[in-house]
Amino acid sequence: FFFCNAGLLELSLGKFRNVLLNQTNPVEAVIRNVASNVTVVIFQVHAQKSDVVISFDKNPSVNSSGTGVDKGLVSILRPQQSVCTWYLRALDASQVLSTAISIPYMEKDPIPGGCNLEFDLEVDPNIYLDYTLVDIHIKFAPANLGYTRGANPPSCDSATDQNSRWRLRYDVYQYFLPENDLSEMVLMSHIRKMSEVQSIKANGIKMLTLTTDDKTNVYFSSLPGQGVIYNVIVWDPLWNTSAAYIPVHTYACSFADLVDNCSSLSRLSTKVFFTAVAILGLFACFFGHRFWKTDLFFMGFIFAGFFFFVFITRVTGLSYDVRLILTAVAGLTGGLFLVASWWRFGSVLLCMFVIGLVLGFLFSSTVFFTPLGDYRVFRDDVVFWVTFSSVALMIPVLFVGCPRILNILASGIVGSYSVVLAIACYVYTSLAYITLDLLRRVLNDYFNRAYTNVPFQTNDFIILSVWAMLALSGVTVQLRRERSEVPFPPHPYLTWKRERERRSTNVLDPSHHIPPLRERIHSKIHHIKEFFQKEQPAGERTPLLL
């Protein structure tokens, strides 16, 4: 890259230049010798986290400037005009690394933001972005048809036929930055891939197409800590020409916050919670069926914890840490309840139904984690939840005749996925969103409008391989070890009752003469006390005389 921090920045059309900006000395950006067939020049500047002011004049006004990390202006060229000038400066006093480019368009190319009625600029090619921990919202002004230098712009609302701007189409693109990389230079090198039409089509992911009848705003699921670039290409089907808006980027997090910033997104409570769950899940992955009650406890913990977290989030305004602690308590209660239910009633079907539901929920979440989940039909909550529930219930129904295999599959797959969730607390991975997007859909009434596409890069392939290896190993080990064993342990309560009756009636059984529990406890305590008592002196000791 070539850096410029002088007061004058000479630009060439279509060429990026990096520039250091500050608040006190505006940089004048100039393009000379603009060709006569160019009717519009879009100038844009990008910074990672510090706002930049871009304007037509040295003294910016609301209607002639823009402020933000990704901003641009449209210069409508007059006849004979061959020079364009803009002014740049940082909003705060520190030096800001930015990159700038100017892109030319011809008379038949549509003009991004040419029919703006919502924002301050008369022609506004910018994409406006805001985010929460749940979703990202982008919106932009409608485009207008292109026209020659010196002519009046086509009317935006006088007609709605194919000879007006209503024939235009808008393709929305998404581009993911490398995972776990928050550096400025990485952003600067990748933002250029989303600035020009051909480069956007070659590198971006086309998410949807809007017509002029649609609202020019789109929602995406939020990916805190993951850099994402969005842009829109407006296409004129009559002339088969296109133009690009100003690309906009986000990490869905704050660089300035001291806690929960982009570099440390997971809280300590989250790490402790999911690390503990992962340890238990790893044990269940390899030994779940052998240690049946431990496996029941693990599945009951997940089942009860999930639904309790949803309930307490919906009905209370408690802080996240408090909700997580209460969820842990509810999970422990649910796990113990499932174990107690098995001990008292011994119903394999009831326990396997809960275990099958846990596996079914994970399987159904994985199905909707694929591009299938972004189909427009699933925007409808009724369609989504009926389909999701049907897929989830399919698992316990399919395995109703072979509960041992169902339990081994559930403990292997669910237990190994808990390890993935624990890894996600320390290193970004998109696999965590298999279940997180489901939780968002449950907790947020408007999450159905968000597109849930996520990156799948090197980290994700490695962690997916770890998940598959653990699941396959756990299931294989358990199947081989348990093939010659009884499917499930006998009913513990009935076994205990039979043993008690046998001891009370069979006097020849040595266990019949075992003292009651209270006497045994008192005897043990007495022996312990004797062990810690000092030996008392007994006077002179002499050997016994024979």
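Positions of Cβ are set from backbone N, Cα and C atoms, glycine also.
Per TrEMBL, the features are:
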- 272-289: transmembrane segment (TRANSMEM)
- 276-479: domain 'TM7S3/TM198-like' (DOMAIN)
- 296-316: transmembrane segment (TRANSMEM)
- 322-343: transmembrane segment (TRANSMEM)
- 350-370: transmembrane segment (TRANSMEM)
- 382-402: transmembrane segment (TRANSMEM)
- 414-436: transmembrane segment (TRANSMEM)
- 461-479: transmembrane segment (TRANSMEM)
Query: When you scan the chain for residues with a C-beta under 8 Å from the transmembrane segment (322-343), skipping those not six or more beyond its ends, what do you find?
result: 269-270, 273, 292-293, 296-305, 308-309, 312-313, 316, 350-351, 354, 492-493
Task: Using a Cβ-Cβ cut-off of under 8 Å, list the residues of the same chain that are 6+ residues beyond the ends of the transmembrane segment (382-402) and lie near it.
output: 349, 352-353, 355-357, 359-361, 363-364, 367-368, 409, 438, 441, 448
Predicted model, mean pLDDT over the domain 'TM7S3/TM198-like' (276-479): 92
